[in-house]
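Marked as ADP-L-glycero-beta-D-manno-heptose binding site by Swiss-Prot: THR187, THR188, LYS192, GLU222, MET242, ASP261, THR262, GLY263, HIS266.
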Amino acid sequence: MRVLIVKTSSMGDVLHTLPALTDAQQAIPGIKFDWVVEEGFAQIPSWHAAVERVIPVAIRRWRKAWFSAPIKAERKAFREALQAENYDAVIDAQGLVKSAALVTRLAHGVKHGMDWQTAREPLASLFYNRKHHIAKQQHAVERTRELFAKSLGYSKPQTQGDYAIAQHFLTNLPTDAGEYAVFLHATTRDDKHWPEEHWRELIGLLADSGIRIKLPWGAPHEEERAKRLAEGFAYVEVLPKMSLEGVARVLAGAKFVVSVDTGLSHLTAALDRPNITVYGPTDPGLIGGYGKNQMVCRAPRENLINLNSQAVLEKLSSL
């Protein structure tokens, strides 16, 4: 059986889809998946053993110059790649009009998705042949697991979902695996940042632990923040710029991780690493870290200024 997945973004949403593949792989021997995903996240599906082909899409980039000759050529090549296979099922796990119209509609196969009442954007359901009612008040991982089970005709397991990507990195862990922590300090929204003075206080509190701390970054302003956090601490390392796979390898070898609400926090969960995620205004209930050893540290009054380093240290002691 060959199935196409349409789940293009974001990083957390893409990662939250992986346990559904594991369920299907266990329920339907020999099943294989192709996966349409935004080019920036194209490495992620390849880490799962059930994925045979990754089809990158670049809607975010294309829309800036949709009708230019180079972009038209890219869109044509994408359409040809998408339509090269006749699928037993096409599962749109994105639930948005944009992806349904520009991707799902063009694929060959019976199209499954959430119904008008439960899709993220109800109009997206008009593009599906089979519409499934998936209750909203459950974690995003469980919603996707239920969608796959109903689309492919098996019962959703009652056990916790398994991302099944940690093993991809086990044969290539860093030589110092287990000897360091990773602090994920960067996120997209200002109100989801933990103040730098709190990060530095936590780093100072770990001075006698013997653990080294690694700080990844993606953009130049994040590198500058990492340097400020590391200043004066010999046991803190600002990492070089890395690919997503490179960062995943570092996370896979971490003894533990402390993170803000960011896509890399979900990657940590997918890699089964102990993780404390600090939350301010966002509610982790339905979209927070899902997996083994994932702990939430909520800020008083939903403001991360009010979350001190001692509270995070106390959580660390319980990992």
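Here the Cβ of each residue, glycine as well, is placed from N, Cα and C on the backbone.
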Most Cβ neighbours inside 10 Å, all chains, among the binding-site residues THR187, HIS266: HIS266
Chain-internal residues near THR262 (ADP-L-glycero-beta-D-manno-heptose binding site), provided their CB is under 8 angstroms and they sit 6+ positions away: LEU184, ALA186, THR187, THR188, LYS192
Neighbourhood of MET242 (ADP-L-glycero-beta-D-manno-heptose binding site) by C-beta distance under 8 A, where only residues 6 or more apart in the same chain count: PRO216, VAL250
Among THR187, THR188, LYS192, GLU222, MET242, ASP261, THR262, GLY263, HIS266, the record's ADP-L-glycero-beta-D-manno-heptose binders - longest CA distance, Å: 23
Cβ neighbour count (within 10 Å, all chains shown) around LYS192 (ADP-L-glycero-beta-D-manno-heptose binding site): 17
